[in-house]
Structures are given as structure tokens and as C-alpha cells.
Amino acid sequence: ATAGKVIKCKAAVCWGPKQPLSIEEIEVAPPKRHEVRVKIVATGICRSDDHVISGALSDMKFPVILGHEAAGVVESVGEGVTKFKPGDKVIPLFVPQCGECRCCKNPESNLCYKNDIGKYDGVLLDKTSRFTCKGKSIHNFISTSTFTEYTVLDEIAVAKIHEDAPLEKVCLIGCGFSTGYGSAVNTGKVKPGSTCAVFGLGGVGLSVIIGCKVAGASRIIGVDLNSDKFTTAKECGATECINPKDYNIPIHEVLAKMTDDGVDYAFEVIGNTTVMTSALSSSHFGCGKTVIVGLAPSSAVMSFDPLLILTGRILTGAVFGGWKSKDDVPKLVRDYLNKKFDFDPLITHYMPFEKINEGFELLRNGKSIRTILTF
């Protein structure tokens with residue numbers, strides 16, 4: 001009944017940095033050619049959304065509807081769309097997969113050229129947005145915008161998933177879980193019997209731990225300044241956890257003593273350039289690999305002694321855990337349904353959508369891992 005019509009619905013609009021999100025009635029235009037309109041059922045609160053609210057990502061265009069980790073149901077499709085129909089369960093993809101660009105054609109890469117990460121144009125592929133509020137056009141956020149009851153997505157930025165998938169759980173596959181898990185199994189390529197250190201034990205860091213465990217690592221050391229996070233980290237597979245505040249020597253020296261000169265794999269899951277250098281320094285000089293997972297503020301610069309690399313360390317990273325989004329998201333959902341991993345330790349809070357600002361406060365105060373908002 002709503003197909004082809006403008007839908008009025010609730011959304012959380014970010015009118016500018018350093019202010020709470022505002023619940024507004026917005027208009028969502030119908031999907032154009034090769035677009036899909038989706039009713040969002042569940043959406044997670046991710047640290048990257050908060051980087052926009054705090055002003056850390058300075059290139060962002062306002063006003064904007066944030067949110068990029070979600071699951072929902074197709075409401076209607078635009079002209080030329082053949083792979084989706086109303087009622088399909090889907091996950092929006094902040095890294096699209098066009099299938100035609102250099103990255104999509106390269107099996108080693110997943111960062112489709114049609115993404116909006118770092119550019120932050122805040123529009124769909126046709127250079128316009130489908131959102132309006134109080135007569136103003138509202139920007140999109142990295143191809144997704146999920147803090148709204150309805151969103152419009154380019155069809156290259158949607159994955160159809162199994163009809164049995166519980167949307168309030170698998171929404172994590174839209175960002176946090178896949179980013180962390182893939183950083184271990186794809187980007188790091190963690191080997192059985194190896195030693196890993198994970199810096200930052202939020203939702204993504206815990207997902208790195210799950211990935212290290214699935215990959216067969218024998219030691220997984222969690223590192224965080226908040227010792228309250230250690231219980232959940234161990235539940236996810238960490239074999240031990242350390243707090244840098246408990247030592248009067250640099251953390252890479254602590255790890256060197258624990259691991260016969262350094263870990264095989266180090267993961268930075270905070271987005272802090274000082275910690276990135278610590279992670280690199282904590283990896284073994286001749287054969288250690290460091291994976292950057294965290295998103296640093298716009299102007300941040302990482303500095304380190306090139307000798308760290310010259311001796312044989314590898315420094316790498318990936319967006320969205322290296323997954324080719326359209327291909328791999330449905331497989332990850334099937335793996336979840338087949339109980340290859342469990343999301344329950346990652347989800348600490350469920351909240352109604354209207355309480356979105358409270359959800360962000362929990363994240364900022366270190367009181368939550370993942371908060372899932374439901375409509």
C-alpha cells in the first residue's frame with residue numbers, strides 16, 4: 001500500500017556535531033531506479049556513529065541520519081531491481097559491492113569504489129538523498145542511514161539474508177561483528193596455535209577475539225583500560241586479560257615478557273594512533289602482524305620507527321573485516337544460524353528507538369557493549 005508513495009516516519013536526525021540526536025518526523029521518498037526501500041527492524045549503536053556526533057569526523061555534512069549497522073525488511077523496490085522483492089529480509093551494506101570496479105574484481109580487496117567512507121558526500125549514487133525533514137534535505141550516512149524507520153539504499157548496498165534470521169541479532173553482521181571477526185580470519189589470517197593480543201574490548205574487539213578463537217589461536221590476550229570488560233572478553237574466548245594501568249612499564253614490554261618477545265598477531269580496535277604504535281611494537285619483530293581495525297579521528301597521524309617494519313613486522317588493516325559485503329554477509333548469517341558463533345555476549349542492551357540518546361550515553365560511559373534499538 002505504501003509502494004510508490006512518500007512515507008512519513010520517525011528518525012533520529014543529527015542536526016550538527018556535539019548535540020543530542022533529535023527524534024523527528026521525516027519524509028522518505030520512494031526508491032528510484034536500482035534502489036530499495038527498507039523498513040528497519042533493529043539497528044545497533046556503533047562507535048563510528050558517535051565519532052560523527054562528537055565532531056571527530058570533521059568532513060561530515062549535516063544534517064544527517066546516522067546508523068549503519070542494521071537489519072530490516074524490503075518495503076518496495078525501484079525500477080530495474082530484480083534481486084529483491086517486498087518482504088525479503090536484508091542487511092544494509094556500508095561497504096557496497098558493485099561487482100565492476102577494480103576492488104570488486106580483485107579477490108584480495110573488498111573496498112568497492114562506490115563507497116562513501118572518508119568522502120562523506122552524504123548522498124546515494126545518483127547524488128541526491130531520499131530524506132527530507134521540515135522542508136530540508138537530510139544527508140545519508142555511508143550508503144546506509146539506519147536510525148530511521150525507513151531508509152532507501154542503492155541495490156549494490158543491500159544483502160538478502162536467510163528468512164529464518166533473527167533480525168535483532170544478525171543486525172550485528174552489518175558492522176561490528178563482521179568487522180572484528182573478519183579482521184582475525186580474513187585480514188590477519190590467524191593461524192592455529194598462535195598468540196594474539198587485542199587492544200580494545202568493545203563490541204568489535206570482542207568479535208576479533210571470537211575470530212581468533214574460531215581460527216584456533218592458543219593464546220588470546222585482551223588489553224583494555226577498563227577491567228570491567230574482562231569477564232565478557234573471557235566469555236568470548238580471551239585466555240587472559242591485562243590492564244595497562246596495572247604496570248609501570250609500556251604495555252608492549254609487558255606483552256613481550258608474556259609471549260617470548262612479542263605476539264604473532266596484534267589488533268588495534270580503538271582508533272587511537274598511540275595505541276596503534278603500541279600494538280605494532282608488541283608484535284614479534286621477525287614475524288608479527290598488526291591489524292588496524294579502529295577508525296581514528298580525521299586529522300590523526302600514526303608515527304613509529306621504520307626499523308619496526310624493516311625487521312619483518314607487517315602492518316595492515318581492512319574496512320568491514322575484509323568481507324566482500326554482498327557475497328559474504330549472507331554466508332555469515334548462515335554461519336550464525338548454524339551456531340558457528342554466538343552474539344549474546346556482545347549484546348548488553350535492547351532499547352526502544354526513542355531512547356537512542358541514552359544508548360549513546362551507555363557507550364560513552366563504558367556501560368554497554370552493543371545496544372540494539374528496535375522499532
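Placed from the backbone N, Cα and C atoms, the Cβ positions cover glycine too.
Owing to the predicted nature of the structure, the values given are computational and were not obtained by experimental measurement.
H68 is the residue from H68, H139, H162 that Swiss-Prot records in the Zn(2+) 1 site together with C46, C175. According to Swiss-Prot, G200, L201, G202, G203, V204, G205, D224, K229, V293, G294, L295 bind NAD(+); the candidate from R33, R37, R102, R370 that the record adds to this site is R370. When the C-alpha distances from G202 (NAD(+) binding site) to the recorded positions A1, H68, C98, C104 are tabulated, the minimum falls on H68. When the recorded positions A1, H68, C112 are ranked by how far their Cα is from the Cα of D224 (NAD(+) binding site), H68 comes first.
Closest in space to V204 (NAD(+) binding site), of the recorded positions given as A1, C46, C104, C112, is C46, taking the CA atom of each residue. A distance of 14 Å separates the Cα atom of G200 (NAD(+) binding site) from that of C46 (Zn(2+) 1 binding site). Most Cβ neighbours within 10 Å, among the binding-site residues G200, G202: G200 holds that distinction in the structure as shown. For the binding-site residues C46, C98, C112, C175, the greatest number of Cβ atoms within 10 Å around a candidate Cβ is found at C175. Overall, the recorded NAD(+)-binding residues G200, L201, G202, G203, V204, G205, D224, K229, V293, G294, L295, R370 cover a maximum inter-Cα distance of 20 Å.
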